[in-house]
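**Student:** As annotated by TrEMBL, region 'Disordered' applies to 1-35. The compositional bias 'Basic and acidic residues' annotation in TrEMBL covers 9-23. Residues or ranges marked as transmembrane segment by TrEMBL: 91-114, 647-667, 679-697, 717-737, 758-779, 799-817, 829-849. Among the features that TrEMBL reports, UDP-alpha-D-glucose binding site is placed at SER152, LYS158, GLU159, ASP188, LYS329. Under the heading active site, TrEMBL lists ASP188, ASP568. As annotated by TrEMBL, Mn(2+) binding site applies to LYS330, ASP354.
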Amino acid sequence: MATRALKRTRVESWKEKKNEKKASAKKAAAKAQAPPVEEQIMDEKDLTDAYEPLSRIIPISKNKLTPYRAVIIMRLIVLGLFFHYRITNPVYSAFGLWMTSVICEIWFGFSWILDQFPKWCPINRETYVDRLIARYGDGDDSGLAPVDFFVSTVDPLKEPPLITANTVLSILAVDYPVEKISCYVSDDGSAMLTFESLAETAEFARKWVPFCKKYAIEPRTPEFYFSQKIDYLKDKIHPSFVKERRAMKRDYEEYKVRINALVAKAQKTPEEGWIMQDGTPWPGNNPRDHPGMIQVFLGETGARDFDGNELPRLVYVSREKRPGYQHHKKAGAMNALVRVSAVLTNAPYILNLDCDHYVNNSKAVREAMCFMMDPTVGRDVCYVQFPQRFDGIDRSDRYANRNVVFFDVNMKGLDGIQGPVYVGTGCCFFRQALYGYGPPSLPALPKSSICSWCCCCCPKKKVERSEREINRDSRREDLESAIFNLREIDNYDEYERSMLISQMSFEKTFGLSSVFIESTLMENGGVPESANPSTLIKEAIHVISCGYEEKTEWGKEIGWIYGSVTEDILTGFKMHCRGWRSIYCMPVRPAFKGSAPINLSDRLHQVLRWALGSVEIFLSRHCPLWYGYGGGRLKWLQRLSYINTIVYPFTSLPLIAYCCLPAICLLTGKFIIPTLSNAATIWFLGLFMSIILTSVLELRWSGIGIEDWWRNEQFWVIGGVSAHLFAVFQGILKMIAGLDTNFTVTAKATDDTEFGELYVFKWTTVLIPPTTILVLNLVGVVAGFSDALNSGYESWGPLFGKVFFAMWVIMHLYPFLKGLMGRQNRTPTIVVLWSVLLASVFSLLWVKIDPFVGGTEPVNGTNCNTVIC
């Protein structure tokens, strides 16, 4: 027994040793196959990043924000006490002047409230592109969502094809999977020049795109890349870079010559119209009467780049136009692109750019996806708006073209409420939000509410719906079997009739295209499986026909909204009313850059167009004062912001009156303020101090410079007394008499000299009011000093207050005066004649009639009016 036990013990010991050897061998093999410790750490980091938020909010420091809010409240209190003093202390010797000034000041106080309080909760945001890559991958098998780019152009002679081509090239070269990118170019002028230049651009892209991706070029637009004055060898380590860059620059110059040749050829239209290379007439010879045109240049079936890789899809689109149909300008063109892209690619996200706004940051799309594809953030986001940045602005930014105060102050404030307003370019949309759907986290709005539309709330369905996903799933199942013949409705049973009603309600909303209707139900995008690839182009032509939108909800509840020349504000407003929120994204490297009109006349006409759009919204049913209360989804601070957006042009009326008051006071010898008591002095000083402190603290938390702030203040006055005034009258005339205003496209800069466009002067009637105000105040200052010299020492004290008031006006209009003088300091004769004539007549009338004051007391035996004369 003992022997057997010992043997058993030895066997067990041997087995244990054998098992230990096997275990150690397995450990050694596992250790040999295991990656290094650094790689394990990296894998763990990537796994951690995949579950981390893709963005975060960076709140403004309390040390900056708390004093700012305290000063706002203090200013509001002081403003109330100031108005109490002004109203209870009239100036009876100049009652009309006093009354005018008080009315103007009350309006300025109201407009300040509308502008100030939406900036109550400013925030900053930060994105994590590396986490986006860790979560969704990067490459052919990436899980990143597809994006459709929209580029719109009208007149290639005013919007040079080379500018549009550079925008397209920057889009095709973005740092994003190529199969996920499509670029649609809308040619609303049906110009063969645009078509041919796009064909040349597609060919050049075969060289440019691989070059950009190989060497990580920034920016990826050749015109600005080759012209930037930086060390282009910095961080470049590839030995062949210099050689390839030199060859690419030569190729680009040859490409520019070919484009310039096309432009030169297009300067004179042949009598028989343009002829294509195959000898057939160009279908768009008549820009007001032509069929729809679509041409796919690049993509899956198109040409590949010179390295054999696939290129993003590039599609030329010119919608059909016929006499007698409303085309709704840019908004109509954008809606046509929405439908074409839905039929051909149907990406869940849309990023629109003006033809002169190129991609400056190749990772801009990834920045937007950090919000859109984050399940914790993007669920209720309708769009991500990027700030507009510009090239070619003069160093002093004379006419506030950069608009820094709006983009770096106002938009940050809105981002802390419900999101920034849509400004027309550099914006990434969630396609479903454009279709009129509400955010998924909120219940569907009833038909009586602001975003009612037939296919959601058809009373014949008798089905209760509360969530958007439930609605879409059920409607899609119904729609797949709801393709019936309307003429055979009597032969259908009750269930089939209910399916037919569902189809009819969709058609009333989206139009008569089953392929497009099915695409609207696909939240994650993609072409419908039921679609026949061979007929997609035919279907795309159908959805851009001129009569497609008739008796549908396009432009009313879905897509870009019609009714204003500033369709961007109206479109964003409708989305916010449905409960969506928007995001403001400010990457360190600006996402997009564009050009802006830097000469005085073009800048004022640009502002005139924006202001007219605001007046049109104010006079429409979409006015934020009374629209959008049904669902209760527009936050009240967001509503204040939209009210300020559509009310600001009307500030021109009190502003013009207020800017004329100093001259009138100097010419009449009267003033709008009585002799100040000690208490009144405190209120005046408190008001001035609160205004200064508010501005200083705003500069502190926003990080903008005092020069940018001052330029913004100056141009607020310049635009207010010129373009905004004309916009108010044009908007009212359009409403009363139906007089429509046709705006021409602003010509892009073509002067080869640095800032040469700054000194270009173009005559326009918008220049007359501010010039008149300038002359009036200068005449008033001269007349005031002349009167003081003749009246004695006692009159110098009151004179300084009046002169200070007049100099305030002149200093604000000083950039306008420089613009009038131009490069040679010469002003067109017609401007001088009209301004001097109006100023003289106005001054003489005031001196002669003097309606605001009674008889003038003689000073030292001499009448004041006599002295002025």
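Counting begins at 1 with the first residue displayed.
Each residue, glycine too, has its Cβ placed from N, Cα and C.
Bear in mind that the values here come from a model prediction, so they are computed numbers and not experimental data.
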**Student:** At the level of the C-alpha atoms, what whole-angstrom distance separates GLU159 (UDP-alpha-D-glucose binding site) and LYS330 (Mn(2+) binding site)?
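**Tutor:** So the alpha carbons of GLU159 (UDP-alpha-D-glucose binding site) and LYS330 (Mn(2+) binding site) sit roughly 14 Å from each other.
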**Student:** Taking the Cβ of GLU159 (UDP-alpha-D-glucose binding site) as the centre, how many other Cβ atoms fall within a 10 Å radius?
**Tutor:** 22
**Student:** State the non-local partners of the transmembrane segment (647-667) in its own chain: residues 6+ outside its ends, Cβ under 8 Å from one of its Cβ atoms.
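**Tutor:** Residues 94, 97, 100-101, 103-105, 107-108, 111, 114, 611-612, 614-615, 618, 717, 720-721, 724-725, 727-728, 731, 769, 773, 776-777, 779-781, 783-784, 787, 802-803, 805-806, 808-809, 843, 846-847, 852, 868 contact the transmembrane segment (647-667) from elsewhere in the chain.
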**Student:** Of LYS330, ASP354, ASP568, which is closest to LYS158 (UDP-alpha-D-glucose binding site) if I measure between C-alpha atoms? They're all recorded positions.
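**Tutor:** Out of the listed candidates, the nearest Cα belongs to ASP354.
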**Student:** Are there residues of the same chain, six or more positions away from LYS329 (UDP-alpha-D-glucose binding site), whose CB falls under 8 angstroms from its CB, and which are they?
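**Tutor:** Counting only residues 6 or more apart in sequence, the Cβ neighbours of LYS329 (UDP-alpha-D-glucose binding site) under 8 Å are ASP188, VAL565, GLU567.
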**Student:** What are the sequence-distant neighbours of ASP568 (active site), meaning same chain, six or more residues apart, C-beta distance under 8 angstroms?
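**Tutor:** Set apart from ASP568 (active site) by at least 6 residues yet with Cβ under 8 Å, we have VAL421, TYR422, VAL423, GLY424, TRP560.
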**Student:** Can you tell me how far the Cα of ASP354 (Mn(2+) binding site) sits from the Cα of SER152 (UDP-alpha-D-glucose binding site), in Å?
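**Tutor:** Cα-Cα, rounded: 6 Å.
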